[in-house]
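TrEMBL annotations:
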type: ACT_SITE; residues: ASP270; note: active site, proton acceptor
type: BINDING; residues: GLY151, ARG214, GLY215, GLY239, ASP240, GLY241, THR242; note: ATP binding site
type: BINDING; residues: ASP240; note: Mg(2+) binding site
type: BINDING; residues: THR268, ILE269, ASP270, MET313, GLY314, ARG315, GLU369; note: substrate binding site
type: COMPBIAS; residues: 508-528; note: compositional bias 'Basic and acidic residues'
type: DOMAIN; residues: 145-450; note: domain 'Phosphofructokinase'
type: REGION; residues: 504-528; note: region 'Disordered'
type: SITE; residues: GLY241; note: site 'Important for substrate specificity'
Amino acid sequence: MDSTSSSASLIIPSFRCFDATNHRRYYSTLPSCSPTPQGAGGGSASIHVMGNSTTIADPKIITGDCGYLLDDVPHLSDYIQDLPTYSNPLQDNPAYSVVKQYFVDVDDTVAEKIVVSKESPRGNHFRRAGPRQKVYFESDEVHACIVTCGGLCPGLNTVIREIVCGLYHMYGVTGVLGIEGGYKGFYARNTIPLTPKVVNDIHKRGGTILGTSRGGHDTSKIVDSIQDRGINQVYIIGGDGTQKGASVIFEEIRRRGLKVAVVGIPKTIDNDILVIDKSFGFDTAVEEAQRAISAAHVESESIENGIGLVKLMGRHSGFIAMYATLASRDVDCCLIPESPFYLEGPGGLFEYIEKRLNENGHMVIVVAEGAGQELLSGNTCTMDNIDASGNKQLQDVGFWISQKIKDHFSKKQKLTINLKYIDPTYMICAVPSNASDNVYCTLLAHSAIHGAMAGYTGFTVGPVNGKHSCIPFQRITERQNKVVITDRMWARCLSSTNQPSFFSPKQPFEKIGDEKHGDNHVEDLAIK
Ligand SMILES: Nc1ncnc2c1ncn2[C@@H]1O[C@H](COP(=O)(O)OP(=O)(O)OP(=O)(O)O)[C@@H](O)[C@H]1O
Ligand SMILES: O=P(O)(O)OC[C@H]1O[C@](O)(CO)[C@@H](O)[C@@H]1O
Ligand SMILES: [Mg+2]
């Protein structure tokens, strides 16, 4: 055992303050308000027992010079006293012995915004992911589990594989359990022992070998199961809903004072998770979408007045549709949830279709599943259903728009159109990840493992400006990431398709940006 004390992970001695403007607690290097004894950052680690209901931990914000802020992640030593530390076994690992400076300095942080000017404050930072010299778990003490929740996404199996293999090869950990069937699997299903042998080939398959589900998040039952099984590292792979679920599991574990690290690995084919550069499987999804778009293009150009219509994923965020459109260059119109459109009249979709068919003889339309839902909900057949997780179930915009286009042009006898509708949604979710996503999944898994071994908890891993970081759950779950339609990427997309902006005279341009992005509007206008 190493003699390092539990407070060694603290980078700056800090004092707890309350910022009434931002309604956030933060830790200051300057004793500008009376220091209050506390665990998270002050080093006076004690178990926080917050009554019977789980309360949300205050964000750990550490301030520094020139407007520097660290949006720090919780640590087991924040609420458990006198935790022993150990030397990282990686230092004796021959594979890593060639690396000059393998361990990440505890002071290393990653800037959230890297485009700055002379006068800019240093701004917000996240703790850099990576192996630490000191770890808070001995190899044979670790009893980890992995769970996958929400919809499918390419790369799930790769992340599972790399957590199992990474724990084994880097830290000598052999106790890893797979939880079957998502969150409810913690209390309603069996577990699967996971070894490097069991997971060896799984990255070549789509889906998740553990199975997944929506709904069934019963925090007490899940934490009871974690406690009963003696699990002390929980790796949770899933989207925005899953990360919210992970956050409440962490809060309950903290409330019970358990030495259990809870780590999220962000999974979302829609790329709707905040802060991180992009989610795993996204590149694979965009690549797979090209096949559907190419098919739509071939179909449409092979017939007079052919229209190829492709529906892609994206409930609330149109990233796949936008990137697939930009990558393809065969698309004449891209419709996403963030950018309202209308069908009839001057500047509407029907007018544009007629123009394109007259000019080109064919066209391709890509529509994200969440696009135009406000138009569909004006329909008499509105369904206000939700799935088991509480996500609103959307109507099929692809089918609806196909019908509308067909009806419109059948009334206009001078133009006979031929429309082919392709919906590759589940094919894209179910394919195995491509090479670059596989490497990305490996890094995510390693970042998660290093963070948990170092005693960090309550965080999600992911690249921020290319550097893997540990991001507190609160930042990830604040809201969903969306395409900013006042941003340059959407402008690039519009300029590649030449489609109209569909801004109606009643809805001025600035208004749309404001409505969609609220407080972040000004910030999001920054060049990306
Ligand atoms: N606010 C929440 N609190 C606790 N658990 C939640 C919350 N939101 C969702 N969950 C749980 O997280 C799991 C996955 O949620 P959901 O079905 O929304 O998928 P997701 O993780 O957002 O993935 P995706 O939408 O990308 O498929 C479900 O088991 C659900 O019960
Ligand atoms: O498999 P389900 O429950 O139909 O969910 C599919 C949905 O999940 C997502 O893949 C992620 O939110 C959406 O793009 C898609 O609509
Ligand atoms: Mg989701």
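Every residue, even glycine, has its Cβ placed from backbone N, Cα and C.
Note that the structure is predicted; figures quoted are calculated from it, not measured.
Location within the structure of each feature annotated in TrEMBL.
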{"residue": "ARG214", "record": "ATP binding site", "Cβ within 10 Å": "19"}
{"residue": "GLY215", "record": "ATP binding site", "Cβ within 10 Å": "16"}
{"residue": "ASP240", "record": "ATP binding site", "Cβ within 10 Å": "24"}
{"residue": "GLY241", "record": "ATP binding site", "Cβ within 10 Å": "21"}
{"residue": "THR268", "record": "substrate binding site", "Cβ within 10 Å": "28"}
{"residue": "ILE269", "record": "substrate binding site", "Cβ within 10 Å": "27"}
{"residue": "ASP270", "record": "active site, proton acceptor", "Cβ within 10 Å": "29"}
{"residue": "MET313", "record": "substrate binding site", "Cβ within 10 Å": "26"}
{"residue": "GLY314", "record": "substrate binding site", "Cβ within 10 Å": "28"}
{"residue": "ARG315", "record": "substrate binding site", "Cβ within 10 Å": "19"}
Margin query: List the residues in the vicinity of the ATP site, defined as same-chain residues other than GLY151, ARG214, GLY215, GLY239, ASP240, GLY241, THR242 with C-beta within 8 angstroms of the site's C-beta centre.
Written below: CYS149, GLY150, GLY238, GLY245, SER389, ASN391
Notebook entry, point to check: Between GLY314 (substrate binding site) and GLY241 (ATP binding site), how far is it from one CA atom to the other, in Å?
Noted result: 15
Margin query: In the three-state scheme derived from DSSP, which category covers GLY241 (ATP binding site)?
Written below: helix
Item checked: Residue from ARG214, GLY215, GLY241, ASP270 whose C-alpha is spatially nearest that of MET313 (substrate binding site), among the recorded positions -> ASP270
Note to self: Given GLY151, ASP240, GLY241, MET313, GLY314 as the binding-site residues, which ones have a Cβ positioned under 6 Å from some atom of ligand 3?
What the structure shows: ASP240, GLY241
Next item on the list: Tally every other Cβ atom lying within 10 Å of the Cβ atom of GLU369 (substrate binding site).
Entry: 25
Note to self: Take the mean position of the Cβ atoms of THR268, ILE269, ASP270, MET313, GLY314, ARG315, GLU369, the recorded substrate site. Which other residues of that chain put their Cβ within 8 Å of it?
What the structure shows: ASN271, ASP272, LEU312, HIS316, SER317, PHE319, ILE320, ALA368, GLY370
Margin query: Can you tell me which of these binding-site residues sit near ligand 1, meaning the Cβ is under 6 Å from at least one of its atoms: ARG214, ASP240, THR268, MET313, GLY314, ARG315?
Written below: ARG214, ASP240, THR268
Next item on the list: With ILE269 (substrate binding site) as the reference Cα, tell me which of the binding-site residues GLY239, GLY241, THR242 is the closest one.
Entry: GLY239
Item checked: Spatially closest candidate among GLY215, GLY239, THR242, the listed binding-site residues, to THR268 (substrate binding site) (Cα to Cα) -> GLY239
